[in-house]
Amino acid sequence: MPSTRSLLGVFEEDTAAISNYCTQLYQAMHRIYDAQNELSAATHLTSRLLKEYDKQRFPLGGDDEVMSSTLQQFAKVIDELSSCHAVLSTQLADAMMFPITQFKERDLKEILTLKEVFQIASDDHDTAINRYSRLSKRRDNDKVTTPVTDVYTSRKKQHQTMMHYFCSLNTLQYKKKTALLEPLLGYMQAQISFFKLGSENLTQQWEDFLGTIGTSVQNVRREMEEEVGQMQQTIQQMERSCDSLYAPCDPDPAHSPVCRNLTRKQGYLYIRNKTGLVSTSWERQYFFTQGGNLMQQGRGEVAGGLVTDLDNCSVMAVDSDDRRFCFQVTSFDGKKVVTLQAESRKDCEEWISTINNISKRIYLSENAEELAARVNQSAIEAVTPSPSFQQRHESMRPRRSGRASSISSVGSEPSSALSVLSLDALVAPEMPIQFDIISPVSEENSGQNKTAAQSGRRSNPFGETGDGTSDDSEDSILHQLFIVRFLGSMEVRSAESADVISETMRQILAARAIHNIFRMTESHLLVTCDCLKLIDPQTQVTRLRFPLSSVVQCSSHQDNKRLFGFVLQSASSRGDSRVVCYIFESNNDGEKICDSIGLAKQIAFHSEMDRKTVEKKKEQDKAKEKQQEELSKQRQIEKDLEEQSRLIAASSRPANSPAPDGQFLVLSNSQSEDSDAGEEGKKKGESEA
């Protein structure tokens, strides 16, 4: 983990500081041993270094007042003896140089050796885990055995080396005290033995002080030995308990079940990075959740970087061609998609559950894990996989014989049972839930669907087609496009009830939680004044088409506004109506989509009313034209009758009646025939009139 690596870096920095300081102290004592003529200057340098102990910047244990005061006392004693010269180089070599040399050459070099071994073991583990992660899921089991064994061996070696390395670093904190005190104690004992007979500067007080320091050194050594013994026991216990965790395979679900109530998680994952137009690469990073964000931190980095925002995001398991246990995180606006790979199936499911809980903003509550547990438990209890709904209804139905007694004794239970029955009566429990998009086939649109499927015509989101032909929504006033994910659909019994959509959401979400279904089909929902279309975002092919007239109602979830659904009523092949409820998840607010569908229905309603008004006006205009034609015909008939009457009147005069000029008018045969025809026309006109 990066935090452990950072803490290890602090210990290594402290070790380097101790090594640097011990090297200087060793050089000073070696100068005392080698330069007898410069003994006074060497002791003065040693005293000065001891006085500067408080100025040293030790990352660990720099504020030890007892150690600081003790060194100050030693500096005072050595400063008093700086005027004396030291002889007896053998005693100095045995009592002063040997402890500091042993600490420098054995303890410090051992830590450096363990550091190199730990680095090699860490590199071997990275190589083994990379080789294991590149295994294909189509390989045989016998080919997977070697990488698993390599991961087990390298991980165990790394863990053992790490524990011994950490133990040595902790032990160094004790050894540095003895490494500093023992040489000084030996030096002073050599000086006392050298000046014992004639030294007047050394008194009983200094001897008691040195005895106290010797006792303190022994106590520190005993504490160190006890601490080392406890560390060794802890290492052995950890080796036995962690042996089953070295293998990267999934543990036994009975002993290590999947925890779905997490709101925080951390661990190593592989992230897929795009290196070119087509090529991709996988990189192993340390990932952790921080609030509503997914963070990553590389080895050697001080802090983590933001990967994506998890609020209102969507997560689902995906199939990768070259990797196993992969899942995909899509941001709330659908613009950023992150593909990650876990080490095992259990780890993958826990990451998906954790991100899903964070997406619902459960982490903002006080008891986040308890709330997540209640949400998951309510989702599991929402749908009973067995027995059937009828059996549950029969068990909650009151008996006729004891109806009065049961109501009086139970109290509020019959009301809850009736509410459950009323909600369950909205759906058709015998119908299965469809979790993938399946195009409906009915009598009225079966030919259209077959023609569209055979032609494979792509649909443009803005109502334009690729072949230049006019679409049914080309002249539509409203064109709105939304990114949605299909959750499921099921047949319902009631189309007008206000609770049918919320009850269908409960059934579908609970079924997904029970059966661990995380995959969702992403589509583009096109809302027009004529229909609703689900369009494939990759191929732009229309997956489903819903006539707007068949959409009965549309609403969003009361708590999670990203969930919405609509009820579709259409005629089935048997002649009766078929009611289906479709449930979706959107990247934005589901109420906006419902408002858009409502606006489309209003526009379509007003368009239909305008069309009916225009048709009615046309019919009225046609009736007026027909009436005008009838009137014109009537006037023409009356005019013809008047003309015929005039002719009849003219023909009804006496044959020998004088003409206006006083002469007689003689009728010919043709005129008489015309007169007869006039009389017949007159009779005919009268009959027509």
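Heads up, the Cβ atoms here are built off N, Cα and C, so glycines get one too.
Marked as domain 'PH' by TrEMBL: 262-360. Across the domain 'PH' (262-360), DSSP classifies residues as 15 helix, 45 strand, 39 coil.
Taken from TrEMBL, the feature region 'Disordered' covers 382-413 (among others).
Among the features that TrEMBL reports, compositional bias 'Low complexity' is placed at 403-413 (among others).
What TrEMBL records for 438-473 (among others) is region 'Disordered'.
Under the heading compositional bias 'Polar residues', TrEMBL lists 442-458.
What TrEMBL lists as domain 'PID' is 482-617.
For 610-689 (among others), the entry in TrEMBL reads region 'Disordered'.
According to TrEMBL, the feature compositional bias 'Basic and acidic residues' maps to 610-645 (among others).
Look at TrEMBL and you will find 649-660 (among others) tagged as compositional bias 'Low complexity'.
Sequence annotations record features per position, and here TrEMBL assigns compositional bias 'Basic and acidic residues' to 679-689 (among others).
With DSSP classes pooled into helix, strand and coil, the tally for the compositional bias 'Basic and acidic residues' (610-645) is 36 helix, 0 strand, 0 coil. Across the domain 'PH' (262-360), mean pLDDT in this model comes to 89.
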